[in-house]
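Copied over from TrEMBL:
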- G163, N208, F209, M210, E211, F212, T213, R214, D277: (6S)-NADPHX binding site (BINDING)
- 248-252, 267-276: ATP binding site (BINDING)
- 63-347: domain 'YjeF C-terminal' (DOMAIN)
Amino acid sequence: ANGAVPGAERPGRGQLLPGGGAALAAADADLTSIPTLPLFIFSVLERHYCLGSTSHRGMDDDILSLVKSIVPPLTSKKHKGQDGRIGIIGGCQDYTGAPYFAAISALKVGADLSHVFCTKDAATVIKSYSPELIVHPVLDSPNAVEEIEKWLPRLHGLVVGPGLGREDFLLKTCVYVSFVCFPQDGLWLVTQQPSVIQGYQKGILTPNFMEFTRLYEALHHEPMDSSDHQRSVMELSVAMGNLTLVLKGEQDLITDGSKVISCSTEGSGRRCGGQGDLLSGSMGVLAHWAHAASTAGIIRSVNPSVVAAFGACSLTRQCNSQAFQRHGRSTTTSDMIQEIGSAFKKLFES
């Protein structure tokens, strides 16, 4: 992405940066080049853009209207790829479901093409899940960085981490690749080396509470005050250079370091594995749409990454709610993915 890394240069090959975690990268153009841009602090939805708002319903409605405005119209004048070419970096022998969930979710939300960059022994398995995914078995090859980087100019966004595992070689490969969005194993990478995404303001981190705690303590070198999540999430965003953070929980907390909003769309009590991959895959598409809408002047004075994050959180929760109504305790992420079309229509096209 043409991201903002204030005062920092893109790491060269062979240079290991401190950092770690799971993240999402939204790209508008060439992901291999990240110029230095000034730091912008966004003032977003001044009336409602905080947890102190008296009306969460009003806040949700305000931001949902922004999400609706970034959804590109479906017309016969477009060509394949125009509404989103998303890359997923992850997938190894032990974890093949996560990259599939992220990639297929991106397609079902509205991306035109979805690429998975995985290890060789994971590729055939992931291909067998769906013929709609473009699978590249390059993540564990000796020239993995070159194999991935040649695709980056063609992509609008990257999701780094689903099924990545924690092998040093795979993690180091991701350090040398420019990216936008980090989930789970990508978050482990960020925790070990925060500067891998620090200051990149198109980046979005999607930690659960334990991942968030590890990352907070890695940057602040002191225990986190667990009694005030609102303050902690803002502090971590600022420490990371005002990139967008999504702290998943009973209510998802979203911040870019200036304000905190909560996503309170009703989900369910079912917490099956893979829901975070649905979230990150859908966020990759919405981030592309949001930044494109911002460039076009469709949304103004608002951080596009925050809009995308809120949209993805709302969609994931709505999918969870609808799937739970059908399947109850037996609900799985596969059931939730089947609900993406109707949930998207209900939230963003009604």
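Sequential numbering from 1, following the chain as shown.
Each Cβ is built from the backbone N, Cα and C atoms, and glycine gets one as well.
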For the domain 'YjeF C-terminal' (63-347), mean pLDDT (0 to 100): 89
Top Cα neighbour of G274 (ATP binding site) in the set of binding-site residues G163, F209, E211, T213: G163
E211, D252 as binding-site residues, winner by CB count within 10 A: E211
Between D277 ((6S)-NADPHX binding site) and R270 (ATP binding site), the C-alpha gap once rounded to whole angstrom: 15
Distance in Å spanning the most remote Cα pair of G163, N208, F209, M210, E211, F212, T213, R214, D277, given for (6S)-NADPHX: 21
From binding-site residues G163, F209, E211, T213, the one whose Cα lies nearest R270 (ATP binding site): F209
Residues that sit under 8 angstroms from F209 ((6S)-NADPHX binding site) by C-beta distance, when 6+ apart in the chain: L247, K248, G249
From binding-site residues G163, E211, T213, the one whose Cα lies nearest S268 (ATP binding site): E211
Candidates E250, D252, C272, G276 (binding-site residues) - the one closest to G163 ((6S)-NADPHX binding site) by CA: G276
Least surrounded among the binding-site residues, given as G163, G274, when other CB atoms within 10 Å are counted: G274
Packing count at K248 (ATP binding site) (other Cβ atoms within 10 Å of its Cβ): 20
